[in-house]
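S.K.: Encoded as structure tokens, here's the structure I'll be asking about.
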Amino acid sequence: MDMQIITSKSEININKHFKVSAGPGAGKTKFLINHIKNVLHNSNKLGRIRKIACITYTNVGVKTIIQRLGDEIDHIEVSTIHSLLFTHIVKPYLYLINQKYEVDLEKLDAPFEHIVSRGYFIKTNLSKKYVKEDEMKKIYWEVNGSTCKLSLRNRNKDYHNSLFKYKQFFWEKGIIHYEDVLAFAWEILNSSDKALRIIRSKFPYFFIDEFQDTNPIQTEIIKLIAEKETTVGVIGDKAQSIYEFQGADVKQFNNFHLPGMFSYNMEDNHRSTENIIKVLNKVRNDITQRNPEGKVGRDPVIIIGDPLEALLKIKMELDEEVASLSYSNPMANSLRKNKKYNKDERWGAIESVFVDSSNPRRKAFISIIKSIEYARLAHYKDSIRELSRHLKNTDDFNGQQTALKVIKELTNDYNEYKDSALWELYKKIVNMECFNFPEIRESKKGKTSSEIEKFYKEHIYSDISMCVNILEDDTLHRTIHKAKGSEFDNVLVVVNGRNGKYNEKRDLGFLLNSEIEDIEEQRVYYVACSRAKKNLYINIPKITEGAKSELNDLFTIMDV
Ligand SMILES: Nc1ncnc2c1ncn2[C@@H]1O[C@H](COP(=O)(O)OP(=O)(O)OP(=O)(O)O)[C@@H](O)[C@H]1O
């Protein structure tokens, strides 16, 4: 079938599978909203328990779509793929395949992000096979015959049995990870006609936004569901595929085809000004976007110097809100907290920077810090969930009531410990007597302190808390990965290099020598730039004369 050009307002056949491909700001999400309304008004397949499944990549995306649907949310389930599959397939039907996995079904509540457990890793024989603990972040599932198999990214060897054993330590506690949800759901649907029939009958329409970041198992699940009864629609943009590290594979979107499927394209960019679209068109070779509303603004700016100073300067000049989009969590947190990013410090995920020889204490402390930071952003659900699993005693509400009390106290007293050594928070926590971990033996006067005592006494709370990854970040200062699908009037894109080491050829490559089809990092910066409606700023630490003359005609170049 040929590709047809549509706009976000076009009406298409509601009972045919479809795929929409288009660049940023083309109106894909707007089209999806209009299409859902079209289905709601014209389909006779919907009912009280027969709904449209509308899948988006993050919970922030879910919120956006719900807002954009307005009052018309009956007969629609807007959800992330993990949440939908967990609720409708894994939770009710895991028992069908659980003989093999032995998940504690009584304790199974909701899926978790996989955080590498040193304790469980040590209990496997993986280190004897020269697998490093850190590599466990790269664990993934792939379809293998009628079941799924565990592997490690970038490793060809078969580690399935050992990885399975590692995972079982979580499963026997009722903990399953997001990646497990997809694997379990696929296996259930592949082996149970009943489960497949039920999901098709619950969802006669299945639409998926941001499909360029689908992973191979998700694609297989969608194909199974689409075989009959359910109409599937996928929407995406190959240049916005930025989750390769989580197993997303853009080929899945490019090659996605269903029998009888219609393919559509959209050509315009309704979001940004002509000046910004010119930059986007320079980065991208496969399409040239137009600016149908003729929006014109100021030239984008390359601003050289410290990111926080750049942000403050732009805010002052525009006298408007400015969103900052960074590659790493610590940088995003630093701009949100108005605290300078120090590239000489050891930045990284909190799990990798937090040092403590006692595993229960380390885990509890990481959770306590995460929980405080989530609560400060009013993400109370995540905050309570993080904390309640470390409490000494549970209550009638699975520890949630006690967790809430603790969180309230810790957030009220935030100013007392935020700029002090972690030791302040540690003493506070010990006094609360709510957690179950061994206390740190403090050194006597004049004696050398242990590494652990030093760590707690030499690290400032606010530095460590910068390493917390905000799960569902809807603040103005986020990582680029969390800005997918969003848009802001004014955007500052922070390009500060890998681990604070800036290399112009590599880091500004998306503007100087674009290879976005091959280099994910360049796509990430492309996505960031395309979030801007009115004003785009790109912050870099320095610039060469060569780059200046190359970028002069599209950008204003200035120092902080
Ligand atoms: N036909 C249109 N006329 C005017 N504005 C439109 C039209 N279609 C979309 N828009 C506006 O353009 C902006 C981008 O639309 P939308 O978010 O749907 O694009 P998208 O293709 O999903 O973007 P991305 O992939 O970059 O997240 C939104 O502010 C939307 O309201």
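Quick reminder: no glycine exception, Cβ is built from N, Cα and C everywhere.
The ATP binding site annotation in TrEMBL covers A22, G23, P24, G25, A26, G27, K28, T29. Annotation comment: TrEMBL describes 1-273 as domain 'UvrD-like helicase ATP-binding'.
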S.K.: When DSSP states are folded down to helix, strand and coil, where does A22 (ATP binding site) land?
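M.R.: Assignment for A22 (ATP binding site) reads strand.
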S.K.: Can you check how the pLDDT averages out over the domain 'UvrD-like helicase ATP-binding' (1-273)?
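M.R.: Mean pLDDT for the domain 'UvrD-like helicase ATP-binding' (1-273): 94.
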S.K.: Count the Cβ atoms, other than its own, that fall within 10 Å of the Cβ of P24 (ATP binding site), considering every protein chain shown.
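M.R.: Excluding its own Cβ, P24 (ATP binding site) sees 24 Cβ atoms within 10 Å.
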S.K.: Whose Cβ lies within 8 Å of the mean position of the Cβ atoms of A22, G23, P24, G25, A26, G27, K28, T29, the ATP site, other than those residues?
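M.R.: So the additional residues around the site are S8, D237, M266, N269, H270, R271.
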S.K.: Identify, in sequence order, the residues in the chain of G25 (ATP binding site) that are 6 or more apart from it along the sequence and have a CB within less than 8 Å of its CB; answer 'none' if there are none.
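M.R.: Sequence-distant Cβ neighbours: N269, H270, R271, S272, Q289, E487, S530.
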S.K.: Most Cβ neighbours within 10 Å: which of the binding-site residues G23, G27 is it?
M.R.: G23
S.K.: Fewest neighbouring Cβ atoms within 10 Å: which of the binding-site residues A22, A26, T29?
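M.R.: Counting other Cβ atoms within 10 Å of each of the binding-site residues A22, A26, T29 gives the minimum at T29.
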S.K.: Over all shown protein chains, what is the count of other CB atoms within 10 A of the CB belonging to K28 (ATP binding site)?
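M.R.: Its Cβ shell of radius 10 Å holds 24 other Cβ atoms.
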